[in-house]
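Quick look at what Swiss-Prot lists:
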type	residues	note
BINDING	His24, Ser41, Tyr112, Val113, Asn114, Ser129, His197, Pro198, Glu199, Thr214	iminosuccinate binding site
BINDING	Cys86, Cys171, Cys259	[4Fe-4S] cluster binding site
Amino acid sequence: MQQADLTKRINELKLKRNAVILSHYYSRPEVQDIADFVGDSLALSQEAVRQDADVIVFCGVHFMGESAAILSPNKTVLLPEIDATCPMADMVNVEGLKILKEKHPEAPVVSYVNSSAAIKAESYICCTSANAVEVVNSLDADEVIFVPDKNLAAYVASRTDKKIIPWEGHCPTHHQILREDVLKMKEKHPRAEFIAHPECRPDVLELADHVASTRGMIVHAERSPAKEFIIGTECGLIHGLLKAVPEKTYYCVSEFACCPSMKMVNLEKVLTSLEKMQQRVIVPEDVRARAKEALDRMLAVKIN
């Protein structure tokens, strides 16, 4: 089926099912284009709550669909590709986290939303890359357990007086962005600003002109006087940047900055998901209720 035909059929089924399509910035360009809303993890969590649709088709990885199901239990949440998992989310397990909590009983657990529902249920509060610093600083505690991303934990630690106890996880896509990659791109494009995601290695962030979440990068590109940008995150964001600020030029920092899991969803899978109402994301109620408390606490934190 041609792309135009796929798009037409998807739109027809959206109306029939009273469905809405949500997509992360890292999805394929054509998937972002068919979506009703494209955003970062924080915005997508908020949008899942705001939408009055009966069905949410979540074009992203598994933890994103889980978050939508946690926050919107009365809606049917579908993942077009059930095998699209987040490697970083899989790096932390409940048993290990419980042991860490026993070692630090006074430390609340902050879980990055890039984690499973089960991990969120073991956490006091969640965070995204857009609000991690504000979330940690909102806590009445001297030390904080931060899971699963050690790089984001290091970034937060540099911006708080609290002791951060990190889990040893990381995003493989961002972790593959090396300092040498940045230096080469800076030499090739000396007038370009380097904007980086806080999931990058600390020595990469040292070279950044600006550090931000994916949505924060778009906002920065809109406001900055710079005309060129080296983008230190997953390459899919460039599509969103070009749509938001088309008059500027963007360079992906590395050819390896591509998340295979986020690229698994295509238009054919979105269509099949709507046709067959699959794959539905189910979160057990006991887990969902506890995870929702952590997400609700996050959503209540005001960010600058």
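Backbone N, Cα and C define each Cβ position, glycine as well.
A Cα-Cα distance of 7 Å separates Cys86 ([4Fe-4S] cluster binding site) from Asn114 (iminosuccinate binding site).
Geometry remark: His197 (iminosuccinate binding site) versus Cys259 ([4Fe-4S] cluster binding site), CA distance 14 Å. Close to the recorded [4Fe-4S] cluster site, the chain also has Tyr26, Val61, Pro87, Met88, Ala89, Asn114, Pro172, Thr173, His174, Glu234, Ser261, Met262: residues not among Cys86, Cys171, Cys259 whose Cβ is within 8 Å of the site's Cβ mean position. Its Cβ taken as reference, Cys86 ([4Fe-4S] cluster binding site) is surrounded by 23 other Cβ atoms within 10 Å in the chains shown. All chains included, 27 other C-beta atoms sit within 10 angstroms of the C-beta of His24 (iminosuccinate binding site). Of all the binding-site residues given, namely His197, Glu199, the one with the smallest number of surrounding CB atoms inside 10 A is Glu199. Cys171 ([4Fe-4S] cluster binding site) and Glu199 (iminosuccinate binding site) have their C-alpha atoms 7 Å apart, to the nearest angstrom.
The Cβ of Tyr112 (iminosuccinate binding site) lies under 8 Å from the Cβ of Cys126, Cys127, Thr128, Ser129, Ala132, Phe146, Val147, Pro148, Asp149, Leu152, each on the same chain and at least six residues away in sequence. Annotation for the binding-site residues Cys171, Cys259: lowest Cβ count within 10 Å of the residue's own Cβ, Cys259.
Secondary structure at Cys259 ([4Fe-4S] cluster binding site), taken from DSSP and collapsed to helix, strand or coil, is coil. Rounded to the nearest whole angstrom, the C-alpha distance between His24 (iminosuccinate binding site) and Cys259 ([4Fe-4S] cluster binding site) is 12.
Sequence-distant neighbours of Asn114 (iminosuccinate binding site) (same chain, 6+ apart, CB under 8 A from its CB) are Ser41, Phe63, Cys86, Met88, Ala89, Pro148, Asp149, Cys171.
In this structure the alpha carbons, written CA, of Cys259 ([4Fe-4S] cluster binding site) and Glu199 (iminosuccinate binding site) are 13 Å apart.
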